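Undergrad: Okay, here's the structure, questions in a sec.
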Amino acid sequence: MGLDYLMVHVKYNLPPALLLTILYKPFFTRLEVHKIVLLCTIAVVWTIPWDSYLIRTRIWSYPADSVLGQTLFQIPLEEVFFFIIQTYNTSLLYIIFNKRLVLPSYLSGPTKPLAQGLFGPITHRTQRDLGTLFFTGILILGISFIYIGGEYMYLGLILSWVSPILVMQWVLMYRFLLALPPASVWVPIALPTLYLWVVDTLALRRGTWVIESGTKVDIQLWEGLEIEEALFFLVTNVMVVFGIAAMHNAAALFEYKAFISTTAMGDTPSIYQLITLFLTSSRLYDTNVLQEMSQAVTLLKQKSQSMYLGSAMFEGQLRLDLIALYSFCRKADDLIDDAPDRETAKYWIEQCEKALELRFKLKETALDDTEAYQLLTKSIPQPLHAAAHLLPASRLPKEPLSCLLQGFEIDLKFDFEKGSFPIATEHDLEVYAYHVAGTVASLLLELVFRHHPVSISEAERLRVISAGEVMGRALQYTNIARDITRDAEIGRVYIPSSWLAEEGLTPSMVISHPRNSKLIPLRRRILEKADKCYCETQEAISKLPSNVQGPVRATVTAYMEIGQVIRENETKIWNGKLKVSRWRRFKRAWLAML
């Protein structure tokens, strides 16, 4: 009896597990826990017969003075725990690296060919066949090594044990796997593999476990690490990552089918539902929906990293609906702001309103309805096709979106040459902030209540939505404080003229000299107004469904951190768009999710 193997876990395997768990705990979802539990169970069930055979045939052994002595099918319990802890660590690392991804956008496979063949791009079918051939070749090689026996036995047992799983995983999800960003797959494989190579080297040198001579090829990756051991940890981590990726593929299928429907599916799917869907569902998708979804995600990443990372804390259909809502609002804003003249901007407002009218008339048709899609796209300009089509009209009221367009009309009233500046008073500022941000916040809460109904009165629900409008204004005030210089460059001043007059300034003076030090106290005043709105709405968040309180609070808190960064850099933020570091955003979101 000994503690050597147990101490390997205490020193090397448990610390990263605890660290990753603590870092990720506020963001854990019930479905993610179920995925990891299932994968750990599969790992134990699949590995026990194989490992038991290795021990019984003396390919692998454990000195009596390095283990506690309790076994399961002759496998030390410390070894069984290794199956669990390795699977847990690798799975959790993969989940963390892929939390930000919007999974359905990867369902159709790579958007660009991965390689060129002799006769042109390699098709998806060819990619599938090549991968299947590769993993089948590994199986044949493993069986051959077992047949040869002797020093090739352990190597053959590893290859023949792992390859059937890899073949199955590849055939079922090769498109999804190839579409994922390469780093999101290979980093969660490489990091734990390298780490376990080091741990295994130390254990082999100490004699904690032993590969019997005559069953290994006696090639070492480096001193103390047998090539079989290096291969074992590599292929097992590949299996784990492919396994959790397969569950993500199943979740992506569920989210896609929910998103294209006209109903709200707030409940988290069970593992059984995901497995059934994964094994039985057709792999035919509406390419328009998937392309538009990818465009919406790209737009969100480019325009607002805070909102992109914040969206990752929401789950399933709700997250997709929020991204689609943001896509329409952002696209409309960009078309109007980037218009070369006022008439073109007015044209785009009219077209946005037209797109809304038509989309809400078609709200009871699914997104993959070809006839409805053609009717919509024939009636509105091409730049609005994707944003209007994805809009979850069946789960939203139209009025706030029309109010948003009215806010854009306020922007058109700015005219430096004529001395026209519509934000004359603090009330004007509040009205503007409501139109361009309060409306969007209210739509977010409408989606929340559609997906996750709660037992509150209609009056209470409306009060919470009203508080959401105030929160939206807080975010807009923060934007205004941040973008004084950038807004002045396009002839806009959102600081009320009455406030400017108190400092002896006019809107025209701000446009001419947007870095005037007299603007610093006014910027503080706007931030104070933002903070006041933020504080007023905190109690209302507790009335939201429990599973979205954390994500809403974290998203808003992380965004409001912009205001704190502005205060810390009052004289240094005139040039360019202020950025909040990822670590700082993560810290604020982590604390808010607790």
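Note that the numbers count up from 1, one per residue, in the order the chain is shown.
Each residue, glycine too, has its Cβ placed from N, Cα and C.
As the structure is a computational prediction, the values presented were derived from the model and not from experiment.
From Swiss-Prot, for reference:
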REGION    1-249  region 'Lycopene beta-cyclase'
TRANSMEM  3-23  transmembrane segment
TRANSMEM  35-55  transmembrane segment
TRANSMEM  77-97  transmembrane segment
TRANSMEM  130-150  transmembrane segment
TRANSMEM  153-173  transmembrane segment
TRANSMEM  176-196  transmembrane segment
TRANSMEM  227-247  transmembrane segment
REGION    256-594  region 'Phytoene synthase'
Undergrad: I'd like to know if the transmembrane segment (77-97) touches the transmembrane segment (35-55) in this structure, counting it as a touch only when three or more C-beta pairs sit under 8 Å and are separated by 6 or more positions.
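TA: Answer yes: the transmembrane segment (35-55) meets the transmembrane segment (77-97) with 3 or more Cβ pairs below 8 Å.
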Undergrad: So what's near the transmembrane segment (77-97) in sequence-distant terms, Cβ-Cβ under 8 Å and 6+ beyond its ends?
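TA: Counting only partners 6 or more residues beyond its ends, the transmembrane segment (77-97) has Cβ contacts under 8 Å with 5-6, 8-9, 13-14, 16-17, 20-21, 23-24, 32, 35-36, 39-40, 43-44, 47-48, 51, 62, 67-68, 70-71, 183-184, 187-189, 191-192, 196, 209, 233, 236-237, 240-241, 243-245.
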Undergrad: What average pLDDT is reported by the model for the region 'Lycopene beta-cyclase' (1-249)?
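TA: Across the region 'Lycopene beta-cyclase' (1-249), the average pLDDT comes out at 88.
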Undergrad: Same chain only, please: residues at least 6 beyond the ends of the transmembrane segment (130-150) with a C-beta under 8 Å from a C-beta of the stretch. Say none if there are none.
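TA: Residues packing against the transmembrane segment (130-150) from afar: 122, 156-164, 166-167, 170-171, 174, 214-215.
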Undergrad: So which residues does the transmembrane segment (227-247) touch in its own chain, when a touch means Cβ under 8 Å and the partner is 6 or more beyond its ends?
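TA: 35-36, 38-39, 42-43, 86-87, 90-91, 94-95, 154-155, 158-159, 162, 165-166, 169-170, 172-173, 176-177, 180, 185, 188-189, 192-193, 196-197, 200, 204, 211, 216-217, 219-221, 271, 274, 278.
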